[in-house]
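Below: one structure, written as structure tokens.
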Amino acid sequence: MLSITILFLLIAEGSSQNYTGNPVICLGHHAVPNGTMVKTLTDDQVEVVTAQELVESQHLPELCPSPLRLVDGQTCDIVNGALGSPGCDHLNGAEWDVFIERPTAVDTCYPFDVPDYQSLRSILANNGKFEFIAEEFQWNTVKQNGKSGACKRANVNDFFNRLNWLTKSDGNAYPLQNLTKVNNGDYARLYIWGVHHPSTDTEQTNLYENNPGRVTVSTQTSQTSVVPNIGSRPWVRGQSGRISFYWTIVEPGDLIVFNTIGNLIAPRGHYKLNSQKKSTILNTAVPIGSCVSKCHTDRGSISTTKPFQNISRISIGDCPKYVKQGSLKLATGMRNIPEKATRGLFGAIAGFIENGWQGLIDGWYGFRHQNAEGTGTAADLKSTQAAIDQINGKLNRLIEKTNEKYHQIEKEFEQVEGRIQDLEKYVEDTKIDLWSYNAELLVALENQHTIDVTDSEMNKLFERVRRQLRENAEDKGNGCFEIFHQCDNSCIESIRNGTYDHDIYRDEAINNRFQIQGVKLTQGYKDIILWISFSISCFLLVALLLAFILWACQNGNIRCQICI
């Protein structure tokens, strides 16, 4: 009978862990069935409710002509445009933020080279405009406006229209030319001039009489002197001769002097340089469309608010930083702990310590309760807003840390500068590696902060409720409180909004707590009672067995013999 009584008490204790009939209020946070994995400082895989992708991987298949002004070189590169090659007349007076050079651009005039090609290309691109100022040059006793069959314009022999090919006069004279131009303006001037390299000595004397010729161009701070390199070269457009083009910048107040006895390709004027303009050049086959974007790459325009992109390392304009990662996710919600599918609303209710609540859609944090009036769920907007306020602006702050006009253009070097090109590539690769690492670290820091903030707000809400209830309720250890007094919906609401008065319910709660705890058995007493029950049961069983043996012996039913 004692064993049966003890077993009943144990069953009663086990059932007391379920709903006892007292009001219960639980605290929890929002959850979704499938969250998003993000990286933090301490964990590579943390599931959060919501996250935002920071790396743009999509681009438009076209270049946007707005708001940046684009000029399409079409069949002309920017140097041919400055020289005035046939087919480049559409570039006269052109103005741009980005000059689009096409891979299909071709030379259409006398074959030439530019010893310092990339520097000239960069100066022209940065200038942002072909603003050519024609000048009068008084050349002495030479023939001007030379033409070539390699340079057709409207099927007629012509030449670069920004340059003047000087040859000997009809009287076979090419006297020394010495001409000075003073820059009296308030801007720097760019002069482009050239030296012709005939293919034979005969061609040299036929054109210039003097052999060898010489060209010297000087300013107050520089001098370039070139002697023609006479010799046959591979035939290009019917010519085995070549022209080498040079350039000279004349600052305000400076002057330029042309001195030659032959082979000079003279300028017809100068280009006005704009020191305030910061334009650039992009080599791509992507067509120009009608879209709007501030960022261009060699693969197309990017229209995004994301701070990073992994589309192309060559980018121009207000562009996201290029990183090597294909994805970086910024946590914009709390840690996600999906609700167990088998758990009902109550009965096996649990708070935030065990799992989140998928039904909590009006806020990030909230309450569930059960009392005599039924059950209910409500969001806690104050703690939700406190968390949102700290998380909102994270993306903007991240963009501010990385948002600058970022121009990364492809650089080219002459073959003799291969070591410089290798070094430049190494520097660029190192910079990209550094940016990629910094981006990943920055996002991980922000994600760690987001999760810490949201966890902190949950703990603050729990502590606020615990301080309100005090001994009027018991912490169940799973985010729930069992309340030891009658608590209707208005009472529950006072707990939620922070107006709960502990003293009003104190006496009732103390009485109910003692009554309930009088029949509750703690886990320590359970073990003692189990051992006592087992011992008593064994003792009773042994006593009954001995009593039966004694009774049987007395009646002669059992005989015991002892042999020595």
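In case you wondered, yes, glycine gets a Cβ from its N, Cα and C as well.
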Among Cys480, Cys491, Swiss-Prot lists the disulphide partner of Cys487 as Cys491
Of the residues Cys64, Cys76, Cys151, which one does Swiss-Prot pair with Cys109 through a disulfide? Cys151
According to Swiss-Prot, Cys295 takes part in a disulfide bond; indicate which of Cys319, Cys480 is its partner. Cys319
Across all the protein chains here, work out how many other Cβ atoms are within 10 Å of the Cβ of Cys291 (disulfide bond). 15
Cys295 (disulfide bond): secondary structure state under DSSP, collapsed to three categories: strand
Cβ atoms near Asn34 (N-linked glycosylation site) (within 10 Å, other residues, all chains): 7
Give the distance between the Cα atoms of Cys64 (disulfide bond) and Cys76 (disulfide bond), rounded to the nearest whole Å. 20
Same-chain residues at least 6 positions away from Cys109 (disulfide bond) with a Cβ under 8 Å from its Cβ, in sequence order, are Asn80, Leu83, Ser85, Pro86, Ser148, Ala150, Cys151, Asp158, Phe159, Phe160
When you measure from the Cβ of Cys553 (S-palmitoyl cysteine), how many other Cβ atoms are you left with inside 10 Å? 12
